[in-house]
Amino acid sequence: GPSQLNDIPQLQPTTGDGNWMGYANPQQTAAGIHTRLYSRAFIVDDGKRRVVFVTADIGMVSQRLRLEVLQALQVKYGDLYRQDNVVLSGTHTHCGLGGYFQYTLFMITGGYMKAAIEPLVNGIVKSIDIAHNNMKPGRVYRNRGELDDSSLNRSPHSYLNNPEEERRRYKWNTDKQVLVLKFTDQDGDGIGMISWFAVHAVSMNYTNRMVSSDNMGYASYLLEQDKNPGGLPGQGSFVAGFSSSNLGDVTPNTRGPYCVNTGLPCDYLNSSCPIGGTTMCLASGPGEDMFESTRIIGHNVYLKAKELYANAVEEVTGFIHHAHQWVNMTDVTVQINETHTVSTTCKPALGHSFAAGTTDGGGGLNFTQGAVEGDPFWDGIRDALLGPPSNQTKECHHPKPILFSTGEMNWPLPWHPQIVDVQMITIGSVAVVAVPGEMTTMSGRRLREAIKGELESEGTLKDMEVVIAGLSNVYTHYITTYEEYQVQRYEGASTIYGPHTLSAYLQKYRGLARAIAQDRVSELPAGPQPPFFTENLFNFVPLALFDRKPENMSFGDVLEQVYPVYRQGDVVTVTFVAGNPRNSGDIRDKTFVTVEIFDNRTETWEVVHNDASWETRFHWLKGSNRESNATVEWQIPPTASAGSYRIKHFGHYKELKGLQPVITPYEGSSDVFAVTASFYYE
């Protein structure tokens with residue numbers, strides 16, 4: 001049947017002073033662009049049903065974001081795209097902006113920002129529009145392979161608590177498989193691809209202050225550059241989505257955790273250092289710095305996906321199904337075994353080790369991973385500020401020492417979601433399970449196995465490939481196995497619905513799979529609607545102030561000029577008098593930077609890179625007295641043509657005229673410089 005894909009509108013959040021979603025480091029505010037963030041949408045229709053899969057370069061899809069996207073789709077398309085046939089998944093980059101959540105915990109680092117959520121909603125909807133308008137008959141193929149040297153389990157101590165006979169069935173303590181779906185038109189020409197691989201998008205560490213799509217975004221960039229030669233990022237018809245999976249305990253920082261002050265390995269059980277505690281224990285990637293690590297991991301993932309794509313011959317046929325329910329996750333009764341031991345999930349709560357952070361970015365306090373006892377000092381502060389957890393919640397979460405009893409905190413709004421989406425779509429023999437959080441390796445294996453069993457139980461669906469799409473629809477932190485939960489490292493402490501969280505999800509997803517296998521999806525109860533808060537949303541990020549510039553200079557003037565000649569491999573740097581990038585508003589269709597080459601035949605300047613290109617970096621530096629500047633770096637690729645170039649910077653500045661704020665665009669250009677293969681002229 002007709003199956004189809006898109007191009008990629010951007011989700012560009014503001015890049016000056018906004019807060020990040022990911023490391024929860026209040027010092028980590030945005031100050032530039034490494035690469036842009038994109039939304040990639042794929043629509044598949046079998047003539048009777050259709051499904052939409054979106055993978056977006058954001059930390060996670062929040063419930064608020066999903067509800068607003070669904071609202072916008074309803075206005076535009078009526079009942080065509082709904083909560084049951086649209087899956088929204090985040091790549092889990094930790095270098096995107098926050099501000100698009102409606103639950104208090106996620107607003108603490110900066111609040112709810114209309115300016116942050118609007119470009120996200122508009123960008124995702126636009127990618128769906130493009131896919132919708134480009135649908136044509138085509139084919140889908142599937143392929144899978146293994147990728148080594150690109151992931152490491154960051155909580156092996158927890159993993160080892162899983163039953164030995166279960167662990168013995170697997171060669172690795174992380175899932176190495178890469179699943180690729182290849183989309184072609186009827187002539188067999190490629191129009192797109194989705195790849196799933198379980199690894200955290202944290203190659204860029206918490207010292208980074210530039211918006212970045214991290215390792216997965218770089219993999220997309222490389223494959224799209226391959227298939228759309230000569231195009232700028234996000235332009236061209238071929239779309240390559242690299243999507244997250246059960247990455248809960250999986251890091252790309254393959255050198256593992258070391259104490260940065262001594263160079264010795266961290267303590268195995270609680271990932272801390274003798275001097276400096278958890279903040280000194282950091283895992284690093286394979287490269288010399290985070291940019292190189294991002295490049296290496298992204299390149300590995302790209303190469304494997306490219307190979308699987310090229311060799312994909314197993315055609316996906318059959319029908320499309322989709323099933324969705326809303327579930328109150330604070331109150332699911334779980335049957336543990338045949339002798340009917342019954343347990344329930346809990347009101348949300350975060351344990352002490354949540355505050356310890358992980359070896360990919362530690363917490364700033366003296367918490368350690370693996371804490372199964374509370375800390376009287378922090379508990380005292382919490383009790384005074386937020387109130388202690390109830391006995392019922394304490395017992396329910398045992399052995400987790402509760403740091404924040406978020407399920408009992410409702411001021412000014414609930415701190416965590418109660419109503420959660422469970423959803424899955426099947427495209428022929430491929431089942432995509434939308435999981436609302438970060439499943440650990442073993443949790444994901446149990447879920448995939450349970451779903452495969454249910455889907456194949458009726459005999460109508462055969463040889464099903466089940467893949468987990470993580471960070472989908474609503475964010476509920478981590479989902480560990482019951483055994484991993486007992487250890488209470490970061491992942492267990494962040495399993496917010498208690499020790500039976502995974503069992504509850506297994507039960508719910510099996511129900512969806514059974515309904516699909518029996519073709520009785522219409523009988524599934526929809527479940528309780530999630531809230532959509534309109535009051536009490538708060539925001540701590542102040543408006544961007546007025547911009548000032550040095551005496552006798554204009555915005556866009558060059559403060560530090562380029563050299564006259566560069567070689568391939570060199571870095572060109574130029575600094576401009578700049579305004580706050582936040583004054584540029586929604587910049588999805590604009591760029592802050594262009595690198596341009598002079599075309600002698602047409603006597604015109606042609607853009608070869610913009611601020612979305614991997615080769616460019618845009619740094620915004622806020623100076624004293626509200627004067628700021630922008631530095632653009634261009635790393636000249638070895639393949640760059642020799643010729644005459646210039647670098648331009650575009651922006652907006654805000655000033656007070658009368659009593660009105662006025663925003664004015666400006667642009668600046670470097671001197672013309674030569675790129676040459678050699679400094680010796682004939």
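Heads up, the Cβ atoms here are built off N, Cα and C, so glycines get one too.
Here the structure is a predicted model, which means the values were calculated and not measured.
Per TrEMBL, the feature domain 'Neutral/alkaline non-lysosomal ceramidase N-terminal' maps to 17-507.
Per TrEMBL, Zn(2+) binding site is recorded for H92, H200, E438, Y478. Taking Cβ-Cβ distances under 8 Å and a sequence gap of 6 or more within the same chain, the neighbours of Y478 (Zn(2+) binding site) are G248, G437, E438, M439, T440, Y490, E491, G492, S494, T495, I496.
Sequence-distant contacts of the region 'Disordered' (144-164), counting only residues of its own chain at least 6 positions beyond either end whose CB sits under 8 Å from a CB of the stretch, comprise 173-174, 176-180, 197-199, 249-254, 256-257, 268-269, 283, 286, 297, 300-301, 304, 307-308, 358-360, 369-370, 440-442, 465, 480-481, 483-484, 486-487, 489-492. The region 'Disordered' annotation in TrEMBL covers 144-164.
Look at TrEMBL and you will find 150-161 tagged as compositional bias 'Polar residues'.
Here TrEMBL flags 510-675 as domain 'Neutral/alkaline non-lysosomal ceramidase C-terminal'.
Each residue in S244, L247, G248, V250, G437, G470, L471 lies on the same chain as H92, H200, E438, Y478 and has a C-beta within 8 Å of the C-beta centroid of that Zn(2+) site, without being one of the site residues. Secondary structure by DSSP for the compositional bias 'Polar residues' (150-161): 4 helix, 2 strand, 6 coil. Taking Cβ-Cβ distances under 8 Å and a sequence gap of 6 or more within the same chain, the neighbours of H92 (Zn(2+) binding site) are G59, M60, H200, A201, V202, M216, S244, L247, E438, G470, L471.
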